[in-house]
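Q: One structure is given below, represented as structure tokens, and several questions about it will come after.
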Amino acid sequence: MQSAAAVGLVRPCAARPLPTYPSPCRGAGGCIGGTQPPLLTPRGLRLSARAGLLPASPLEEEENRRCRAARHVAAAAGKVAAAEGAGEEAGGGLVKTLQLGALFGLWYLFNIYFNIYNKQVLKVLPYPINITTVQFTVGSAIALFMWITGILKRPKISGAQLFAILPLAIVHTMGNLFTNMSLGKVAVSFTHTIKAMEPFFSVLLSAIFLGELPTPWVVLSLLPIVGGVALASLTEASFNWAGFWSAMASNVTFQSRNVLSKKLMVKKEESLDNINLFSIITVMSFFLLAPVTLLTEGVKVSPAVLQSAGLNLKQIYTRSLIAAFCFHAYQQVSYMILARVSPVTHSVGNCVKRVVVIVTSVLFFRTPVSPINSLGTGIALAGVFLYSQLKRLKPKPKAA
């Protein structure tokens, strides 16, 4: 491929036809039309007026040399342009890879900080509905800031679309609330071990409501997930039924959200991408949960309540705000990654993220873990990885 600059360097050499000369025709049919075919002369020679071969004149030799040199220049310029194009493509691929790696790093980092700071707050302030409302409040403020400043294109959404999104917002609200209820009752590592059961509920709900029957291999991959979670639960030092069932309810609601998103098929405009959809759901979740907070727990995050409980205001507010920011950030980064990779790659990344969160929380909180508990967690996570790999194998269509 030649660049425009390379083409501009070369002036095409005019092709001059060789003259033909009359010759006597010998015999019938010896010549056609009284002329003989033109003679092709070797390079550097020309035809004289007497049809003899003579060396080309210095002017013609100079022109021939110029044409040959121009052809070499054009070929060299084309190779350079091709090399530059390949280099630019390789450079662009490297930049995209680095960007994706940075997003995965941020996804894991935000998730780690969320779980650590959130657990610290829930230990001293056991009001999960208040804590979840604070997280939706901060998330809504971030979404509004991004829309007002133009960082995120403001979506154009109709009342019908909002009505269709409402069930997604309800299960999203319940899923995050149940997660916080579990984190407040049991260790972070145990909550995330139970949440490894998500594929089981995904397969179950998809079969019931969407009619998507799994392959036998996918069903078999669920066995180590269920078995590993059961083994970890039997040997968990912080086990209690409230924390266990809250984590299970979180699995059900989050997977219901995924099924509902397929079932409802919300019609999206160009401005309603996944990040905007998540932002809208976050704002709706705040309006859904705020009245529930007032009717159940009441406001437990006011300065007066915290001071009466003997808590450090600055510490509680700082940790709550960091946890809330990371809560919104890790979910938004997750959608950004999903826009760049396949669902299978995202699922594998989510499995690795769960491993990272479990290990870091065990180290940070010095959670006592027995060998059998570790084995159960490892089996469950290995089952999740196997499930994510088998999900991309499509069953072959039956021949008619």
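Cβ atoms here come from the backbone N, Cα and C positions, even for glycine.
Quick paste from TrEMBL:
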type	residues	note
DOMAIN	98-388	domain 'Sugar phosphate transporter'
TRANSMEM	98-117	transmembrane segment
TRANSMEM	129-148	transmembrane segment
TRANSMEM	160-179	transmembrane segment
TRANSMEM	200-226	transmembrane segment
TRANSMEM	238-254	transmembrane segment
TRANSMEM	275-296	transmembrane segment
TRANSMEM	372-390	transmembrane segment
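What's the neighbourhood like for each of these?
A: With a cut-off of 8 Å between Cβ atoms, the residues of this chain six or more beyond the transmembrane segment (129-148) that come close are 118, 121-122, 154, 173, 176-177, 180, 279-280, 282-283, 285-286, 289-290, 292-293, 296-297, 299-301, 320-321, 323-325, 327-328.
When Cβ-Cβ distances below 8 Å are used as the criterion, the transmembrane segment (160-179) is approached by residues 128-129, 132, 135-136, 191, 195, 246-247, 249-250, 253-254, 256-257, 260-261, 264, 266-267, 272, 277, 280-282, 284-285, 288-289, 327 of the same chain, each at least six residues removed from its ends.
Beyond the ends of the transmembrane segment (238-254), by six or more residues, the same chain brings 171-172, 174-176, 178-179, 181-182, 184-187, 190-191, 194-195, 197-198, 200-201, 205, 367 to within a C-beta distance below 8 angstroms of the stretch.
Sequence-remote contacts of a segment are chain residues at least 6 beyond its ends whose Cβ falls under 8 Å from one of its Cβ atoms, and for the transmembrane segment (275-296) they are 129-130, 132-133, 136-137, 139-140, 143-144, 146-147, 152-153, 155, 157, 162, 165-166, 168-170, 172-173, 176-177, 266, 268, 328, 331-332, 335-336.
For the transmembrane segment (372-390), the residues of the chain that approach it from at least six positions outside its boundaries are 189, 193, 196-199, 215, 217-218, 221-237, 344, 347-348, 351, 354-355, 358, judged by C-beta separation under 8 angstroms.
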Q: Near the transmembrane segment (98-117), which same-chain residues lie under 8 Å Cβ to Cβ, leaving out any that are not at least 6 residues past its ends?
A: 183, 188, 192, 319-320, 322-323, 326-327, 329-330, 333-334, 336-337, 340-341, 349, 352-353, 356-357, 360-361, 364-365
